[in-house]
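Let me begin by presenting the structure, written as structure tokens, before commenting on it.
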Amino acid sequence: MADGMSSFWGPVTSTIDCCEKNYAYSTYIAEFYNTISNIPCILLALFGLINAIRLRFEKRFTVLHISNMILAIGSMLYHATLQRAQQQSDETPMVWEMLLYMYILHSPDWHYRSTMPTFLFLYGVGFAVVHSFVHLGIGFKVHYGILCFLCIPRMYKYYIYTKDASAKRLAKLYVATLILGSVCWLCDHLFCKEISRWPINPQGHAMWHVFMGFNSYFANTFLMFCRAQQREWSPKIAYLMGVLPYVKVEKPKAQ
């Protein structure tokens, strides 16, 4: 929410300014809550990364967790500065991450192993170049939404072929956090004028970040479980401190 203040980063040049008073707590952080709300995503992705490396999953899962961290860091830079260049560091990784999800979802059944990653890589590079020169605006949101919807049929296929109740619960948590996060984002976007009059701002966009951090973690953990099942690693869902789910496996001795 613009307030006309010029600070350490200068005037706002990003095309989106969320419903949070700028520079309310620091001259170095434009949107305080929208910035720090990315921290849970980084911590969850770091935990997932450690588990993926420890269990020796394919490198694509390592890259997936790292991409979650890069996206969260890019989002922090964007909301801290509200500069057009930093906005690119948030939006471009969003698309790259969805392309990576598409690869992970389809790669086990893809017969021509080099064609899909090559196409997705070139698509991601092409998008980054175009998006750096052209302000896509609503077109970006539509494009990102299409990429998300393209992943749903495959995720649903994994869900119906999964018999483990704990793993299916992960998929349900993935859907629940996606819905809750989207509601928070929409309310913050559509009702900003009304919310600005409230004594306390519920920080809908910050809550979107938190929910989507958990959403990505649940999606990654579910996909790791499914992949371990495909490789006959006898996966199980365990819980860190009885709360945070993660994948445990029992590999055959030959592996």
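Glycine too: its Cβ is placed from the backbone N, Cα and C atoms.
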Stretch carrying transmembrane segment according to TrEMBL (options 62-82, 125-145): 62-82
Neighbour count (Cβ, 10 Å) for Glu31 (Ca(2+) binding site): 27
Chain residues in Cβ proximity to the transmembrane segment (32-50) (below 8 Å; excluding those fewer than six residues from its ends, i.e. six or more beyond): 18, 20, 24-26, 62, 65-66, 68-69, 71-73, 75-76, 79-80, 203, 205-207, 209-210, 212-214, 216-217, 220-221, 224, 240, 244, 246
Densest Cβ neighbourhood among Asp17, Glu20 (binding-site residues), 10 Å radius: Glu20
Same-chain residues at least 6 apart in sequence whose Cβ lies under 8 Å from His205 (Zn(2+) binding site): Cys18, Cys19, Glu20, Glu31, Tyr33, Asn34, Ser37, Cys184, Trp185, Asp188, His189
